Amino acid sequence: MQFDYIIIGAGSAGNVLATRLTEDPNTTVLLLEAGGPDYRFDFRTQMPAALAFPLQGKRYNWAYETEPEPFMNNRRMECGRGKGLGGSSLINGMCYIRGNALDLDNWAQEPGLENWSYLDCLPYYRKAETRDVGENDYHGGDGPVSVITSKPGVNPLFEAMIEAGMQAGYPRTDDLNGYQQEGFGPMDRTVTPHGRRASTARGYLDQAKSRPNLTIRTHAMTDHIIFDGKRAVGVEWLEGDSTIPTRAAANKEVLLCAGAIASPQILQRSGVGNAELLAEFDIPLVHELPGVGENLQDHLEMYLQYECKEPVSLYPALQWWNQPRIGAEWLFGGTGVGASNHFEAGGFIRSREEFAWPNIQYHFLPVAINYNGSNAVKEHGFQCHVGSMRSPSRGHVRIKSRDPHQHPAILFNYMSHEQDWQEFRDAIRTTREIMHQPALDQYRGREISPGVECQTDEQLDEFVRNHAETAFHPCGTCKMGYDEMAVVDGEGRVHGLEGLRVVDASIMPQIITGNLNATTIMIGEKIADMIRGKEALPRSTAGYFVANGMPVRAKK
């Protein structure tokens, strides 16, 4: 089998590349995905409100676990990643948040990455998007990814929480992806107008999968990339339960889009990475790149939960006797409780003046429950998910064997810096202040978690150690740049090799201020044009907010 391009991983970036490259009818593409199809009849991945279900099993989730995290009471922590067509866009929380403009401007400070500034990237965010209320300078109107906005009257808690943020002195913003990210406001989501999850399998592959020049193989577990000297010339993988490898040749390039956990694993198994690590497993060294698998970053978050004094939360939706009606409303009408992910409001703030752009993110949820559906509070409640955005902590991903089925050693080193602890203490105290504003007086009951007895720095720190969880945003393990730990250049090409790129969240040099899916899709769109030799889309002229020393919040 021979193809022009072989793409490893049908996720948030891989599906973008597969779709854009096959727009050229003479270009042949093989798309390899270790998981299965995105079964459209499976409510677990298609119903927005069911977002916790895919995380509970292993059909759609790699269900990685970290090594014992030394600063988190040695907990082994969840590290869920999507498996199947759509990748993590098939199992994520569907929050469409691009990050802050200054995140990208910060990337572009590095020599060689100048064309990754916000205004250079904004046209690619727009290209990917169809927003339900139409296009403008910040949003697209005819892209593959369906984005919906929050509508008034969904749940009174959303507006009350936004109002409480304003009463605490923080700004309101009507578009967290528009002119100003900083502040509290409604949250856009990757959901179709018919109430279905808008993964990249639905948005991109649906338009491409019937093309004769695109071949899609599911249940295809990549073993390694094949090299001829320093050039990537093909891929070897295992199909289904087979132990006999299948091979295909890439006439032009191999495009690695397996994500922040799997992409460095595949490079390491293929002989690209830290020479000492590869020697440990008798893997012949193709090219030494010490940065492969390093620079691992994530967002850590915790839940502050409150009893709700009025019966307006989603608690009744958790009762089994209400679920058939909710399911029918969603299935036949694409409406009702099932048609929303219920992360319809949130915000970004600076916890201290020293931060030039927001360092704390909020997601508001009108029910008290863990993200993976566990530990639901058995009463009406609501919660804030809150966490820091740009932790200085760094971890790694390293293979444990040559077996592609064996999970790697993953260590985030969460909370390894004093800045982390200061930010989380600030976050808890600020959240409590917001939750005690007049806008929430009629709803707010007792504090369920952490509980009012948790007040001192030591008590807050212990709560974080025991209860903070991943926001499922790993990135950075094949970072873009030109220093000694960089893995790819500004076009995703692996340093020192030919015919090989990495295109996914692993190439982010620094984690962004917000959820990763939208930016991973943008990366796919931008590098697709580079691969095709197309001129970059014209740089945007849209304005964007810079705090520039403004106070963190207004004085009361």
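From the backbone N, Cα and C atoms, a Cβ is placed for every residue, glycine too.
Here's what Swiss-Prot has on this protein:
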type     : residues : note
ACT_SITE : His473   : active site, proton acceptor
BINDING  : 4-33     : FAD binding site
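Overlay of Swiss-Prot feature records on the structure.
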| residue | record | Cβ neighbours (10 Å) |
| --- | --- | --- |
| Asp4 | FAD binding site | 17 |
| Ile8 | FAD binding site | 27 |
| Ser12 | FAD binding site | 33 |
| Val16 | FAD binding site | 32 |
| Arg20 | FAD binding site | 23 |
| Asp24 | FAD binding site | 12 |
| Thr28 | FAD binding site | 22 |
| Leu32 | FAD binding site | 25 |
| His473 | active site, proton acceptor | 23 |
Between the C-alpha atoms of Asp4 (FAD binding site) and the residue listed as 'active site, proton acceptor', the distance in angstrom, to the nearest integer, is 31
Rounded Cα distance, in Å, between Val16 (FAD binding site) and His473 (active site, proton acceptor) is 19
Ser12 (FAD binding site) to His473 (active site, proton acceptor), Cα to Cα, whole Å, comes out at 13
Expressed in Å to no decimal places, the gap between the Cα atoms of Ile8 (FAD binding site) and the residue listed as 'active site, proton acceptor' is 20
Integer Å value for the Cα distance linking Asp24 (FAD binding site) with the residue listed as 'active site, proton acceptor' is 33
